[in-house]
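Features as listed in Swiss-Prot:
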BINDING   Leu121, Gly125, His126, Leu127, Glu246, Ser355, Pro356, Phe357  (6S)-5,6,7,8-tetrahydrofolate binding site
SITE      His229  site 'Plays an important role in substrate specificity'
MOD_RES   Lys230  N6-(pyridoxal phosphate)lysine
Amino acid sequence: MIFDQEDYKAFDPEIWEAVAKEEERQQHNIELIASENVVSKAVMAAQGSILTNKYAEGYPGRRYYGGTDVVDVIEGLAIERAKEIFGAKFANVQPHSGSQANCAAYMALIEPGDTVMGMDLSAGGHLTHGASVSFSGQTYNFVSYSVDPETELLDFDAILQQAKEVQPKLIVAGASAYSHIIDFSKFREIADAVGAKLMVDMAHIAGLVAAGLHPSPVPYADITTTTTHKTLRGPRGGLILTNDEELAKKINSAIFPGIQGGPLEHVVAAKAVAFKEVLDPAFKVYAQQILDNAQAMAQVFRQHDKFRVISDGTENHLFLVDVTKVVENGKVAQNLLDEVNITLNKNSIPYETLSPFKTSGIRIGTAAIAARGFGVTESIKVAELIIKALENAENEAVLNQVRAEVRELTDAFPLYEGLN
């Protein structure tokens, strides 16, 4: 019987070997992708639990199937913990992803064809903030705002002027590659000035907001969305918050039955566990380490003339570096660093001149290395190794030395033991 197949190594060696290789890769690679993190064993255990068997269309107390008393309790805990973390009156923990959370938020706030302002992708925005290849750009009339070409920071006077010209029904704040504090109160003022709603996508900074290290958008936004991974250090998934009861009803309807069927209750349970971790005082210590590491790394790059840190620094968990004085483009840098077991991603920079498949920059994030235990000393070392590798792209002896030093760091800070 299939129920006897407890040992998936014996039952499906191909998958087991692939997972083992990924475990090995994560153990011996330095992870700097800003949207990735390292979850606890408790989060993984909840996500791998028997809850994966249960279908539960609807919401706690209002399900379409029977046998949901237990999952009602679990989802209720996730909701209450999310509300406590962010000081919100209402929370929907069912979105399968941040993109689906954003989709539901749009459905609750606007109609197809409505004009929306969102951050330009090359300035740091996200695909779901109006990119033409995304459902957002195909369903709504998005007009992009950017950053100041000199400072590479948000220019609220320019955004206000643009909003007065285009008269959006909705303004979307938040980013996936913007390294400074976002003043949500100013976005609220702009939205009010033109009679628009305000939605904030805080997917990248949610953990910093939860720790009190970045201003919260929840008091200002009509709807706030986020992922539950990234700096929140939970399972991959989405979350929607609001203080408006009528919007909460629209959000719930947009998620189910609007764009999703049954929630992934095993993931909801993992979200609940992660939220409990966030409520622990130790999480703020972790979040502060994220910031300290990012600022230390950015400073290393700022001290090298061949590298340019976009907007001259960082106030959150990430920063961008223009690498075109050292290597051809960001893709080349990403691939080269992959070869020395440092993982990050190519990234467009403001007013980008290269294609998104090449880019002028790379994006560096510190959430995963902070979770692993790296402090400022190790983070500075990682930045130096990146520079060393990129400046010696054709020197195999130097690259071998970098690989060896990466291995020393990863061996000193192991991820997990005995998972596979």
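Each residue, glycine too, has its Cβ placed from N, Cα and C.
A quick note: this is a predicted structure, and the numbers were derived from the prediction, not measured.
The number of other CB atoms found within 10 A of the CB of Phe357 ((6S)-5,6,7,8-tetrahydrofolate binding site), across every protein chain shown, is 9. The two recorded residues Phe357 ((6S)-5,6,7,8-tetrahydrofolate binding site) and His229 (site 'Plays an important role in substrate specificity') have their Cα atoms spaced 25 Å from each other. For the pair Pro356 ((6S)-5,6,7,8-tetrahydrofolate binding site) and Lys230 (N6-(pyridoxal phosphate)lysine), the C-alpha distance works out to 22 angstrom. Summarising the environment of Ser355 ((6S)-5,6,7,8-tetrahydrofolate binding site), the number of other Cβ atoms within 10 Å of its Cβ, over all protein chains shown, is 10.
Cα distances from the residue listed as 'N6-(pyridoxal phosphate)lysine' to the binding-site residues Leu121, Gly125, Glu246, Ser355 are smallest for Gly125. For the pair Ser355 ((6S)-5,6,7,8-tetrahydrofolate binding site) and His229 (site 'Plays an important role in substrate specificity'), the C-alpha distance works out to 28 angstrom. Within 10 Å of the Cβ of His126 ((6S)-5,6,7,8-tetrahydrofolate binding site) there are 24 other Cβ atoms, across all protein chains. Among the residues Leu121, Gly125, His126, Leu127, Glu246, Ser355, Pro356, Phe357 said to bind (6S)-5,6,7,8-tetrahydrofolate, no two Cα atoms are farther apart than 42 Å.
Same-chain residues at least 6 positions away in sequence with a Cβ under 8 Å from that of Leu127 ((6S)-5,6,7,8-tetrahydrofolate binding site) are, in sequence order, Ser99, Leu121, Val133, Ser134, Ser136. The separation of His229 (site 'Plays an important role in substrate specificity') from Gly125 ((6S)-5,6,7,8-tetrahydrofolate binding site), Cα to Cα, is 18 Å.
A Cα-Cα distance of 16 Å separates His229 (site 'Plays an important role in substrate specificity') from His126 ((6S)-5,6,7,8-tetrahydrofolate binding site). In this view, the densest Cβ surroundings among the binding-site residues Gly125, Pro356 belong to Gly125, judged by other Cβ atoms lying within 10 Å.
With a cut-off of 8 Å between CB atoms and residues at least 6 apart in sequence, the same chain places nothing near Glu246 ((6S)-5,6,7,8-tetrahydrofolate binding site). If you draw a 10 Å sphere around the CB of the residue listed as 'N6-(pyridoxal phosphate)lysine', it holds 28 other CB atoms from the protein chains shown. In the three-state DSSP classification, His126 ((6S)-5,6,7,8-tetrahydrofolate binding site) falls within coil.
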